[in-house]
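Trainee: Got these off Swiss-Prot a minute ago, pasting:
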REPEAT    91-102  repeat '1'
REGION    91-390  region '25 X 12 AA tandem repeat of N-[SV]-[RS]-T-[NS]-A-T-T-T-[AE]-[ST]-[IT]'
REGION    113-417  region 'Disordered'
COMPBIAS  118-393  compositional bias 'Low complexity'
REPEAT    139-150  repeat '5'
REPEAT    163-174  repeat '7'
REPEAT    175-186  repeat '8'
REPEAT    199-210  repeat '10'
REPEAT    211-222  repeat '11'
REPEAT    259-270  repeat '15'
REPEAT    283-294  repeat '17'
REPEAT    295-306  repeat '18'
REPEAT    319-330  repeat '20'
REPEAT    331-342  repeat '21'
REPEAT    367-378  repeat '24'
COMPBIAS  394-417  compositional bias 'Basic and acidic residues'
């Protein structure tokens, strides 16, 4: 039975309370098989005990009670043993339970432990062994559970552990062995789970580990082996997951490793083997993923490596083999990706290499082989890419020694394009029709916020000004030689006549929306997670749209404060911020004092010809005379580029998560509306200076003003201090929202209004010096970071 047939064939399970649950065909077949086995067991042993005919329909304990005598720790058992032992423990619960079972041994043991809960439970099982053991542990929970199972062994063991949770669970299973073991571990969670499975072995093992999470899960599977092993490791996460699969082996192994994440995942697959192995490695991430695949083998292996990322991914594939191998390497990234492919072999291999990047990618391909190989090389990049091709082979082989900078050319691809010359092919036509229905407003000025369901008044303030293709990191939605609208080969283009907003544009806006919801570290990890879609904006939109409702709700929650300030114009008063009044003298200054300080800062910057963006980024007073003498925006930006401001910004801050031109292009046409508002306010600044009785000085022009706000945005130390002091605001991760927020007005301590950006400059100055009205700050620098760390 193929994958689609298995998806279509479903049954309904009537639960014990009369509820109905849709089950897959495999699970229905499993329950029926278990019913028949249970009936055979009941018939064979009727002279001894009457067992229920089904695990789902009745309380078997009550029905069998008249035939069986009860034991001290067991209920209606034949040839069963239930033991519970507690020795020298404090606040410890040890439980052993056996119900309606034959030839069952259930044991729970706790030794020399504090605040430990150890439980072993066996229910309606035959020839089942369930063990839970905890030894010399503190705050440790060890659980072993077996339910409605035949010939099942379930074990959970924790030894000399602290704050460790070890769980082994088997549910409605036949001939299944499920084991979870933790040895000499601290703050370690080890889990092994088997659900509705036949002839399945699931094991999770952690040995001499600290802060380690090891998980092995098997769900609704047949003849499946799932293993997760961690040995002598620190801060390691090892996971092996198999879901709704048949004859599938999923393995994740980590050995003698530090800060390593090793994951192997198989979902809705048949005859699939997925393996992820990391050996003697430090700071290594090794992942192998197979999704909705048949007869597919996906392997990711890292051996004796440092700071190495090895990934193998197969998605919705048939008869596909995807391999990524890294051996004896340092700072090496090896990736093999296969997406929506049939009979496709994708391999990436790196051997005894240093600082080497080897990638092999196959996307939406049939009968395609893509290989990238690097052997005994240093500083070498080897890439092989096949996209939306049939019977295509793309191969790059760098077999060199020494400081090689090879394979910088486009991959040589042998592609048979004849079958794709017809744009009206049925596949392309159906895909185009489906996308047009999903994004119906692309003939108008649609944006991703409309797609998510935001109202026009909300979109006005959440709008992604300045977000363009340069927002995307290099390599994300930026492939050349393909359709600019969908990034597909021209013969497979899914764009349609009259489309004003491209799918690629919606995709980069969707990426910006995801950035709205993530801090720097979370966004880095997200970019790694979507690596299979880096060359496929249409595929990414499909992935993004699945979480459409969730994303909408999350934005509404996280940005409620922002919309209240920018849309409903709720007033920010510094006196409402308790932390601000206690931790900063700026929050006790009058509006006049804040303005005086703002103009003084700019007067000093102009006099010293200090580079503005760098100063507000990290208080660095580098000189840049060309910036102050620039007559137009172009010359201004060229001056910044000449002194390396943009390069330093990318290397020091989260600006490195965008394309190299992103910040530079903010000085072009992106913020015309905000620029108009600022230039209209210049007259107000002159009147303010006259009213304050100070000598009028030239206020910063637009490009200098924008430099200030960009520097403040990427200044991590300043941002954290401001968000701590000003309690009405919270974290935000997009520059356009920061620019909008900076221009709202706030009430100073004397209830006079000042722009928020003036308050920002005052806080920034407070973090650096005591050069403020009324002398020295008396409480400043409560949060001051003398190291002034910037960015990520």
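Keep in mind that glycine also has a Cβ here, set from the backbone N, Cα and C atoms.
Please situate the listed features within the shown structure.
Mentor: Confidence for the repeat '5' (139-150), expressed as mean pLDDT, is 83.
Counting residues per DSSP class in helix, strand and coil order gives 0 helix, 8 strand, 4 coil for the repeat '7' (163-174).
For the repeat '10' (199-210), same-chain residues at least 6 beyond its ends with a Cβ under 8 Å from one of its own Cβ atoms are 168, 173-188, 190-193, 216-218, 221-236, 238, 240.
Outside the repeat '11' (211-222) by six or more residues, the chain places 24, 26-27, 30, 180, 182, 185-200, 202-205, 228-230, 233-248, 252 with a CB less than 8 A from a CB of the stretch.
The repeat '15' (259-270): residue composition by secondary structure is 0 helix, 8 strand, 4 coil, according to DSSP.
Packing against the repeat '17' (283-294) from elsewhere in the chain are residues 2-3, 252, 257-272, 274-277, 300-302, 305-320, 324, 528: each is 6 or more residues past its ends and has a CB under 8 Å from a CB in it.
Within its own chain, the repeat '18' (295-306) is flanked in space by residues 264, 269-284, 286-289, 312-314, 317-332, 336, which lie at least six positions past its ends and keep a Cβ under 8 Å from the stretch.
Residue counts for the repeat '20' (319-330) by DSSP state, with H, G and I taken as helix and E and B as strand, are 0 helix, 8 strand, 4 coil.
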Trainee: Take the repeat '8' (175-186) and find every residue of the same chain, 6 or more past its ends, with a Cβ under 8 Å from one of its Cβ atoms.
Mentor: 144, 149-164, 166-169, 192-194, 197-212, 214, 216
Trainee: Let's see if you can do this one: DSSP helix, strand and coil counts over the repeat '5' (139-150), in that order.
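Mentor: Tallied per class, the repeat '5' (139-150) gives 0 helix, 8 strand, 4 coil.
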Trainee: Do any residues, 6 or more residues outside the repeat '15' (259-270), come within under 8 Å Cβ-to-Cβ of it, and if so which ones?
Mentor: 2-3, 6-7, 228, 230, 233-248, 250-253, 276-278, 281-296, 300
